[in-house]
Amino acid sequence: PIQLNPAPDGSAVNGTSSAETNLEALQKKLEELELDEQQRKRLEAFLTQKQKVGELKDDDFEKISELGAGNGGVVFKVSHKPSGLIMARKLIHLEIKPAIRNQIIRELQVLHECNSPYIVGFYGAFYSDGEISICMEHMDGGSLDQVLKKAGRIPEQILGKVSIAVIKGLTYLREKHKIMHRDVKPSNILVNSRGEIKLCDFGVSGQLIDSMANSFVGTRSYMSPERLQGTHYSVQSDIWSMGLSLVEMAIGRYPIPPPDSKELELMFGCPVEGDSPVTETSPRQRAPGRPMSSYGSDSRPPMAIFELLDYIVNEPPPKLPNGVFGSEFQDFVNKCLIKNPAERADLKQLMIHAFIKRSEAEEVDFAGWLCSTIGLNQPSTPTHAAGV
C-alpha cells in the first residue's frame, strides 16, 4: 500500500485557507533540499504565484489547446482567468461514488507538498461534472515522447541530464514522501524552455490508481518483469522503467524486441554490432500500437501485447548497441535493466555511477538543444549562457 502523509485538515480542496502559514513551512522544507540558487529562486517564485490562485473552480478556466491524451485522461493547456496563470489541466473522467471521489481529491492534496525542481508543480485538484481535474505547472517543451518524435533520437549527453533529473525526482518522492512513481516512461518526463526536466503523473493516490486500474493497459510495456508477474515490486521497478525509457530515447524506437544488425545499420547509418537476429523464428519487430519505423525495412506485423509482455518476462533485457554509445552509458542502462530487482542497481548506486558523475560535470545546453529541436523560442532570461 502507498504510504501517505496525513491529508491537511479542512476539506478546502486547494488548501488556500492555510496557504500563508504554509509558505514559511515550505521555505523551511526547501532549505532541507540540496538546491542551487537558481532552483531555490524558481521554486519560491512558483510558490508565491501559487498563493495568488485561491480556490480552483471550473468556471475560472479558459481552454487554450490540447496538450495530450493518455493515462485515462486528457490534458489541456488552460488559462486560469483570476490569476492570469497558464496551467496544464488534466481531466480524468470517472464514474465513481462521491465518497471515493472525495477520497481521491483528499489523497491528491499530498501533491501540494511535492516541491522539488524535478517534480512538476501542482496548483490543486477539484471535482466537477463527472471529472477530476488536476492542475499543474505548464511545461512548454512537452513530454519526452513528443520531443523524441521530433528529434528522431535523443543524444547521449542530453540523456545524461535526463537521467540525473529522473533519479533525483525518484529519490525525492521516495525519501520525502515515501512514494514510488509507478509509471516512469518518456511521456511522463516533461521539459521546458528553461532547461528543466520534471516527472509527472506519479502514483500519489492509491484510490485513484484503483479507480483507474482498467485504463492502465497501455502502460504495461514499461513495466518491470516482477511487476508484470504480479509479484511484490518496489522503487526498483521504477528503475527498470527508466532504463527501458533511456534505451528507447537513445535508439529512437521502443526497444522490444531488439533491433537486429540490419535495422541498427539503417538507424545509425553504419554497421553496428547488434544481436544476430535471435528472434528470426518469430517474424515480428514492433511493439503494439507502434508505427512502422521510418526506415522502411520493417514490414513485419507488430507484436501482440501478450507476446510483448511474455518477451519482457522471459527473454534477455534490452541493451544499447555497441559502438554507438559510451561504455559508461551502456553499463548504466545494463544496471537498470537487470531482471532480478534485488540485483538491479538502486537509486543510491545509480547516483554515484560513472555515467551520472560524468553527466553532472558536463556543460550541456539542454534548453538550447530542446528549443532548436522542437522549434521553441528560448526565454531571454539570464538563466542561459550568453551567445547560445
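Positions of Cβ are set from backbone N, Cα and C atoms, glycine also.
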Inset, instruction - Out of Lys50, Lys52, Lys90, which one does Swiss-Prot list together with Leu67, Gly68, Ala69, Gly70, Asn71, Gly72, Gly73, Val74, Val75 for ATP? - result: Lys90
Inset, instruction - Across all the protein chains here, work out how many other Cβ atoms are within 10 Å of the Cβ of Leu67 (ATP binding site). - result: 20
Legend entry - Residues satisfying Cβ distance under 8 Å from Gly73 (ATP binding site), sequence separation of at least 6: Lys90, Leu91, Ile92, His93, Ile134
Inset, instruction - May I ask which of the recorded positions Leu67, Ala69, Asn71, Val75, Asp183 is closest to Ser211 (phosphoserine) if we compare their C-alpha atoms? - result: Asn71
Inset, instruction - Please determine which of the binding-site residues listed here (Ala69, Val75) has the lowest count of neighbouring CB atoms within 10 Å. - result: Ala69
Inset, instruction - Express the predicted model's confidence over the domain 'Protein kinase' (61-356) as a mean pLDDT, rounded to an integer. - result: 89
